[in-house]
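Step one of this worksheet: look at the structure below.
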Amino acid sequence: MKAAVDLKPTLTIIKTEKVDLELFPSPDMECADVPLLTPSSKEMMSQALKATFSGFTKEQQRLGIPKDPRQWTETHVRDWVMWAVNEFSLKGVDFQKFCMSGAALCALGKECFLELAPDFVGDILWEHLEILQKEDVKPYQVNGANPTYPESCYTSDYFISYGIEHAQCVPPSEFSEPSFITESYQTLHPISSEELLSLKYENDYPSVILQDPLQTDTLQTDYFAIKQEVLTPDNMCLGRASRGKLGGQDSFESVESYDSCDRLTQSWSSQSSFNSLQRVPSYDSFDYEDYPAALPNHKPKGTFKDYVRDRADLNKDKPVIPAAALAGYTGSGPIQLWQFLLELLTDKSCQSFISWTGDGWEFKLSDPDEVARRWGKRKNKPKMNYEKLSRGLRYYYDKNIIHKTAGKRYVYRFVCDLQSLLGYTPEELHAMLDVKPDAD
């Protein structure tokens with residue numbers, strides 16, 4: 001006699017539970033304590049969050065937030081972050097880091113954006129920001145008709161959002177077409193001083209502008225306080241701005257003075273507007289639709305050399321090319337790595353760890369760890385090291401700003417048109433700094 005076998009199908013019910021997003025770390029939690037997102041978990045998170053993101057539409061309508069995040073004001077950005085914090089019960093979000101326009105926020109790129117918030121939290125916010133940008137993609141009109149954007153978005157913020165800065169924080173490995181700029185292309189098309197002037201906001205996000213400059217009791221440094229007015233081709237000479245004083249102890253070494261210079265130069269560029277802005281993207285530098293280049297038709301009058309000629313405070317026992325002054329001259333906002341390197345290279349006291357080799361614009365990092373430490377101090381990033389610094393240098397390869405010298409360790413060369421920008425030949429700088437040709 002055979003035993004009866006129960007072949008009835010069974011239904012297994014899996015209980016689902018809401019993800020506890022309060023597990024997100026606080027800002028003071030070490031990164032090592034936070035598990036990294038894997039590609040598969042990121043994909044699952046992306047799919048799970050898309051439906052929830054749709055709830056932001058009602059919030060946009062209620063608060064009058066534009067659909068295009070590149071048109072957001074600082075208030076809109078704050079409202080968006082606050083909505084996300086409440087919607088997902090996010091923890092550890094520092095709202096001060098998001099004090100910027102939507103255009104500046106979108107221009108950061110993923111790598112820099114993720115530095116604004118703890119792990120997981122930054123991924124959620126970035127995912128939503130990307131979706132919002134893709135939902136509001138609008139084609140440019142090139143037949144003479146004006147685009148549908150409001151006139152107000154042709155300010156410098158609009159320039160930032162659709163300019164070359166939009167690609168600044170994306171390392172070459174993240175491009176979907178990594179070979180869209182070849183070595184031969186770089187050789188045949190060196191970056192011009194005008195293109196160099198257009199590069200902004202790479203490797204860092206804009207700092208919050210201080211209302212009152214820091215007060216210290218030593219070394220005075222001039223700065224320019226720019227009035228909130230439209231810069232036309234006739235009044236773009238930066239020397240027309242009113243002058244003030246900013247005190248800064250050990251101004252080329254202290255973190256506080258670095259931050260104040262960043263904020264002042266950020267104020268300089270963010271309060272400007274370019275009537276002559278090239279509104280239709282140019283693809284001369286990039287053959288990729290997500291990274292259009294937009295350049296102003298006019299650059300500041302004269303060279304940097306002319307700009308600092310009458311400023312005696314910049315000529316005595318200081319770098320020939322202070323990064324803060326160069327950032328102010330170019331209107332680049334926060335100090336950029338290439339500007340910082342030029343400051344160190346034109347400071348005699350730094351020749352023990354970074355110096356010109358004597359061969360044109362070639363330079364060597366004799367102590368790369370010290371260079372990285374100072375860059376981290378300048379940007380208030382104590383975890384900065386040479387590995388991270390070198391990633392920033394590699395980013396410059398495709399931009400034709402800096403190239404690595406083949407066969408030489410820690411040796412690089414500026415390949416952009418520095419002479420037109422600075423007004424100095426490399427030989428002039430070498431003579432001023434008593435540079436002896438490298439024996440290697």
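The first residue you see is number 1, and the count goes up from there.
Cβ atoms are placed via backbone N, Cα and C, with glycine included.
If you look up Swiss-Prot, you'll see Lys8 (among others) marked as N6-acetyllysine, on the strength of similarity to another entry.
Per Swiss-Prot, N6-acetyllysine is recorded for Lys15 (among others), and the stated evidence type is similarity to another entry.
What Swiss-Prot lists as phosphothreonine is Thr38 (among others).
The region 'Activation domain' annotation in Swiss-Prot covers 130-243. Mean pLDDT, taken over the region 'Activation domain' (130-243), works out to 44 on the 0 to 100 scale.
Here Swiss-Prot flags Tyr223 as phosphotyrosine, drawing on similarity to another entry.
Annotation source Swiss-Prot lists phosphoserine at Ser251 (among others).
Per Swiss-Prot, phosphoserine is recorded for Ser254 (among others), and the stated evidence type is a large-scale study or a structure entry.
The phosphothreonine annotation in Swiss-Prot covers Thr265 (among others).
What Swiss-Prot lists as phosphoserine is Ser267 (among others).
Marked as phosphoserine by Swiss-Prot on the basis of similarity to another entry: Ser270 (among others).
If you look up Swiss-Prot, you'll see Ser282 (among others) marked as phosphoserine, on the strength of experimental evidence.
Per Swiss-Prot, phosphoserine is recorded for Ser285 (among others), and the stated evidence type is experimental evidence.
Residues or ranges marked as region 'Helix HI-1' by Swiss-Prot on the basis of experimental evidence: 304-312.
According to Swiss-Prot, the feature N6-acetyllysine maps to Lys305 (among others), an assignment based on similarity to another entry. In three-state terms derived from DSSP, Lys305 (N6-acetyllysine) belongs to a helical segment. On its own chain, Lys305 (N6-acetyllysine) has Leu422, Gly423, Tyr424 as residues at least 6 apart in sequence with a Cβ closer than 8 Å to its own Cβ.
Taken from Swiss-Prot, the feature region 'Helix HI-2' applies to 323-330, supported by experimental evidence. Sorting the region 'Helix HI-2' (323-330) by DSSP state (H, G, I as helix; E, B as strand; all else coil) yields 8 helix, 0 strand, 0 coil.
Residues or ranges marked as region 'Helix H4' in Swiss-Prot: 418-422.
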DSSP-assigned states of the region 'Helix H4' (418-422) in counts, ordered helix, strand, coil = 5 helix, 0 strand, 0 coil
